[in-house]
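Pulled from Swiss-Prot, these are the features on record:
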{"type": "MOD_RES", "residues": "S2", "note": "N-acetylserine"}
{"type": "BINDING", "residues": "C44, H67, E68, C154", "note": "Zn(2+) 1 binding site"}
{"type": "BINDING", "residues": "H45, T46, H49, G181, G182, L183, D202, K207, F222, V269, S294, V296, R341", "note": "NAD(+) binding site"}
{"type": "BINDING", "residues": "C98, C101, C104, C112", "note": "Zn(2+) 2 binding site"}
{"type": "MOD_RES", "residues": "S213", "note": "phosphoserine"}
{"type": "MOD_RES", "residues": "T223", "note": "phosphothreonine"}
{"type": "CROSSLNK", "residues": "K226", "note": "ubiquitin cross-link"}
{"type": "CROSSLNK", "residues": "K234", "note": "ubiquitin cross-link"}
{"type": "MOD_RES", "residues": "S279", "note": "phosphoserine"}
{"type": "CROSSLNK", "residues": "K287", "note": "ubiquitin cross-link"}
{"type": "MOD_RES", "residues": "S316", "note": "phosphoserine"}
{"type": "CROSSLNK", "residues": "K319", "note": "ubiquitin cross-link"}
Amino acid sequence: MSIPETQKAIIFYESNGKLEHKDIPVPKPKPNELLINVKYSGVCHTDLHAWHGDWPLPTKLPLVGGHEGAGVVVGMGENVKGWKIGDYAGIKWLNGSCMACEYCELGNESNCPHADLSGYTHDGSFQEYATADAVQAAHIPQGTDLAEVAPILCAGITVYKALKSANLRAGHWAAISGAAGGLGSLAVQYAKAMGYRVLGIDGGPGKEELFTSLGGEVFIDFTKEKDIVSAVVKATNGGAHGIINVSVSEAAIEASTRYCRANGTVVLVGLPAGAKCSSDVFNHVVKSISIVGSYVGNRADTREALDFFARGLVKSPIKVVGLSSLPEIYEKMEKGQIAGRYVVDTSK
């Protein structure tokens, strides 16, 4: 298979710098890496943070962002096992980990102190060819629609793991804060497929229609409802058993601690820059609620999340545009104008 020397990519050279669509060299895989011809990449809110550089963790610069890349293996290092040329492969947020520390030993690779992050510390999937650690790269079944599966590689895995972290049972209420966004639209479907009753909170044109089309049961529009807490408690007859906070609103996170049912779980997923999670201690203790953080997922979570997709239980509500349109997508994202998930075609 012929591999070119150069490729098209979106790259920036400083935080908040110009997003340049230009030719850059095709990377060479290290002994433990795959070289993947990225066909499509999802666009995540994390990519926006990587560009802004507003998280405590510094990015590499210059940087090619993106961490939801779906494509075809076209090359590999000499130490790679379990892959062959032509396999479908996915690039995840966790590009690689040491596999030797206590966290990796327990399957918590995302907490590895030496984790390498796609589109953050490792050039990501907003390019035609990208490298990924062969151990952490996702195995995608042949014949899968690579555009539709792309968002599963971060958004899908992330919300699936978060729902597992909520310790819910069939028939329990799962509240999704930010239910019509890229992560939320997938969380609604995973929750439904796992047997939960789903309440969604979001606001803006088309959000309720999308939520309902995905199988959600109760929708609360925060732009119209004056008392979100009371509305959730009433709709769920006592509060949600589990809340998945994919919204990037500090106020929404605080509210979720108040509409959580007694003995319920608040799961923090979205990462608004500089935000804090505030919970009234008396209410927290007397209601015996748990607040947990959930950060992407491990290889088993990846396999399980992809299986839901492969069986048709979860679909990606996507809009495909060219990679060159990435600056416009970021602008829409900053204005909260995105329903579902944008996916970029790296060839355009």
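Cβ atoms here come from the backbone N, Cα and C positions, even for glycine.
The structure, with features from Swiss-Prot marked on it.
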{"residue": "C44", "record": "Zn(2+) 1 binding site", "contacts (Cβ under 8 Å, 6+ apart)": "H67, E68, C154, A155, G182"}
{"residue": "C112", "record": "Zn(2+) 2 binding site", "contacts (Cβ under 8 Å, 6+ apart)": "S97, C98, C101, Y103, C104"}
{"residue": "D202", "record": "NAD(+) binding site", "contacts (Cβ under 8 Å, 6+ apart)": "G178, A179, A180, G181, G184, E208, F211, F219, D221, F222, S247"}
{"residue": "S213", "record": "phosphoserine", "contacts (Cβ under 8 Å, 6+ apart)": "none"}
{"residue": "K226", "record": "ubiquitin cross-link", "contacts (Cβ under 8 Å, 6+ apart)": "none"}
{"residue": "S279", "record": "phosphoserine", "contacts (Cβ under 8 Å, 6+ apart)": "E254, T257, V266, I289, I291"}
{"residue": "S294", "record": "NAD(+) binding site", "contacts (Cβ under 8 Å, 6+ apart)": "T158, K161, A162, S165, V267, L268, V269"}
{"residue": "R341", "record": "NAD(+) binding site", "contacts (Cβ under 8 Å, 6+ apart)": "G42, V43, P151, A155, G182, S185, L186, S316, P317, I318, K319"}
**OP:** Give me the Cα-Cα distance between H49 (NAD(+) binding site) and T223 (phosphothreonine), rounded to a whole Å.
**Re:** 25
**OP:** With H, G and I counted as helix, E and B as strand and the rest as coil, say where DSSP puts H49 (NAD(+) binding site).
**Re:** helix
**OP:** With NAD(+) as the bound species and H45, T46, H49, G181, G182, L183, D202, K207, F222, V269, S294, V296, R341 as its recorded binding residues, calculate the greatest Cα-Cα distance and give it in Å as a whole number.
**Re:** 27
**OP:** List the residues of the same chain that sit at least 6 positions away from T223 (phosphothreonine) in sequence and have their Cβ under 8 Å from its Cβ, in sequence order, or write 'none'.
**Re:** G203, G204
Subject >> Nearest of the recorded positions (S2, H45, K234) to K287 (ubiquitin cross-link) - Cα to Cα >> reply: K234
Subject >> Sparsest Cβ surroundings (other CB atoms within 10 Å) among the recorded positions H67, K319 >> reply: K319
Original post:
So what sits near H45 (NAD(+) binding site) in its own chain, CB-to-CB under 8 Å and at least six residues off in sequence?
Top reply: G181, G182, L183, V248, G270, M333
Original post:
In whole Å, how far is K234 (ubiquitin cross-link) from S2 (N-acetylserine) when you measure between their Cα atoms?
Top reply: 61
